[in-house]
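A.B. asks: I'd like to ask you about the structure that follows.
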Amino acid sequence: MDRGQDAVIVNADSAQVYADLRVLSARPSDEEMRGVPHVLFGAWDGARACSAADWAAAARREIAAAHQRGALPILVGGTGLYIRTLLDGIAPVPEIDPQVREEVRAMPLEAAYAELEKSDPERARKLAPADAQRITRALEVMRSTGRPLAYWQQQLSGGIGNDVALAPLILLPERQWLYRRCDLRFELMWDGGALEEVEALLARDLPDSLPVMRAIGVPEIAAFLRGDLSRDAAIASGQQATRNYAKRQYTWLRHQNPGDWPRMEYDNSIDSAKIASLLRL
């Protein structure tokens, strides 16, 4: 961009895709987006779930459109499943039987994990017993298809990783500095419109199962608005959830990406010259 090349910022954050979550997802402001096209920010209504496959299909279209007009698409975000689906493709898992899905999601988490340990022990060993989303997904696939999720994941198709020139960069800030920023961010959101954002979501009476209703900050603020949590308790809970997510992202970025992807560790500032050298610009 400094050299005058047109660019397009493509969102790769699973919360920033929702129009309903401008504040709680820390979506870039109009001022921050001025002058450079930003796409897939606030592109989905909260009533419609944006799956990794949905996002990857939209991202492929935006990347192709950018290339067609000679612009550089820059993916920004830390949702690992989105990025891996775009690059590697998607597993052709058959449609899950709705009754199976309903039964699995109605199970106590402990019971679901115990069943997964018996039916797909390899997958169960890789998951934390509290990882409700991944446990229920693995179990519903096993029940509905008769095969473990790993079987389907070995048959990925549709990825663009081999068709584009990648210049990846992983930013790894000092962990305690990052956690302090997480805590501060949630407090600023609380006073900067997050309450009104959640009130508007609750007024829509959307199902709790939708991703927009499970986004960090929404359950905590909803509990405060219902009178189930005090202000301080809701803020502390939201801060803890944010730190937990940052920790999971940190682990994923360190261990799940190709080893040759450059990583930049820093304390509280970013050296743009070093970034340029890492990206081989």
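The chain as shown is numbered from 1 upward.
Positions of Cβ are set from backbone N, Cα and C atoms, glycine also.
Remember, predicted model here, so these are calculated numbers, not experimental data.
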A.B. asks: Which stretch does Swiss-Prot mark as region 'Interaction with substrate tRNA', out of 13-16, 205-208, 225-228, 241-244?
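C.D. replies: The range carrying the region 'Interaction with substrate tRNA' annotation in Swiss-Prot is 13-16.
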A.B. asks: What is the three-state DSSP composition of the region 'Interaction with substrate tRNA' (133-137), stated as helix, strand and coil residue counts?
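C.D. replies: When I sort the residues of the region 'Interaction with substrate tRNA' (133-137) into the three classes, I find 5 helix, 0 strand, 0 coil.
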A.B. asks: Rounded to the nearest angstrom, how far is the Cα of THR79 (site 'Interaction with substrate tRNA') from the Cα of ARG101 (site 'Interaction with substrate tRNA')?
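C.D. replies: Roughly 24 Å, rounded to the nearest whole number.
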